[in-house]
Amino acid sequence: MKYRRILLKLSGESLMGDKQFGIDNQRLSVYAEQIKEIHDLGAEVAIVIGGGNIFRGVQAEEGGMDRTHGDYMGMLATMINSMALQAALESAGLQTRLQSAIEMKEISEPYVRRRAVRHLEKGRVVIFGAGTGNPYFTTDSAASLRAIEINADVILKGTRVDGIYTADPEKDPTATKFDVITFEDAYSRGLKVMDMTAFTLCMENDLPIIVFDMDSPGNLKRLMDGEQVGTIVRN
Ligand code: GTP
């Protein structure tokens with residue numbers, strides 16, 4: 001295992017699979033199997049998942065809703081995905097703990113850093129729900145913050161693309177993929193890795209990010225085995 005403790009960031013939208021909305025159980029169980037695979041090899045796994053398949057705060061604002069209100073609704077959406085993922089991971093035979101940044105004590109533990117670390121040490125997969133608990137922050141920021149707090153070795157950002165390109169590969173056929181890029185270089189080239197809050201948190205705390213295609217089964221394990229998968233962003 002190249003990395004011992006990881007924070008896996010999953011996109012809510014990916015959970016839709018081929019559906020237009022909501023959660024595709026098939027996709028969920030494929031994710032769970034892949035996570036189990038690396039867990040069985042000894043990785044400590046923490047997860048943050050987005051909520052875009054259910055609700056997006058930014059779009060709510062476009063529709064005239066207060067941004068803060070929309071962001072809180074988005075945080076609740078991440079809790080729905082977190083609970084779905086928790087169930088899928090448990091079906092796959094893993095032990096899990098869900099911690100929420102907003103207190104919901106009937107369905108989740110509150111976020112307690114020391115406790116999260118202890119769960120990881122005991123081999124439980126820890127899911128962090130409800131983002132950072134604050135509006136104006138994305139789940140990428142939540143992933144960065146939690147990763148730093150628990151001293152993760154790396155953030156693995158699972159997406160539908162297989163890394164970071166010089167330009168949008170769907171629009172520009174000459175676009176090429178980076179295997180490695182520094183934070184500084186990614187910033188000066190204006191490449192979108194994560195939102196700036198998340199990006200800066202990682203850069204300033206020397207936490208590498210690997211952007212990779214989570215929807216190709218096997219990628220997660222290959223990456224953990226130290227193979228070249230996706231793009232690594234580091235100092
Ligand atoms: P250890 O102390 O390491 O044994 O961890 P543990 O998580 O097993 O301890 P605990 O006995 O506190 O938790 C047992 C179960 O209750 C776990 O599934 C927790 O996720 C759950 N749990 C703990 N605290 C809360 C809470 O505040 N709300 C809810 N809904 N569940 C909780």
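Glycine is no exception: its Cβ is also placed from the backbone N, Cα and C atoms.
Unlike curated entries, TrEMBL annotations are predicted automatically.
Summary of the site annotation: TrEMBL records UMP binding at Asp71, Thr132, Gly133, Asn134, Pro135, Tyr136, Phe137, Thr138, Thr139. Screening the candidates Gly51, Gly93, Gly158 against this entry identifies Gly51 as the one listed for that site. Residue annotation for UMP gives Gly51, Asp71, Thr132, Gly133, Asn134, Pro135, Tyr136, Phe137, Thr138, Thr139. The furthest Cα pair among them is separated by 14 Å. The ATP site in the record is lined by Lys9, Leu10, Ser11, Gly12, Gly52, Arg56, Thr159, Tyr165, Asp168, and its two most distant CA atoms lie 26 Å apart.
Cα distances from Thr132 (UMP binding site) to the binding-site residues Lys9, Ser11, Gly52, Thr159, Asp168 are smallest for Lys9. Within the model, the domain 'Aspartate/glutamate/uridylate kinase' (5-213) carries an average pLDDT of 96.
Non-local neighbourhood of Tyr136 (UMP binding site): Arg67, Thr68, Asp71, each in the same chain, at least six residues away, with C-beta under 8 Å from its C-beta. Annotated pair Gly52 (ATP binding site) and Thr138 (UMP binding site), C-alpha to C-alpha distance, rounded: 11 Å.
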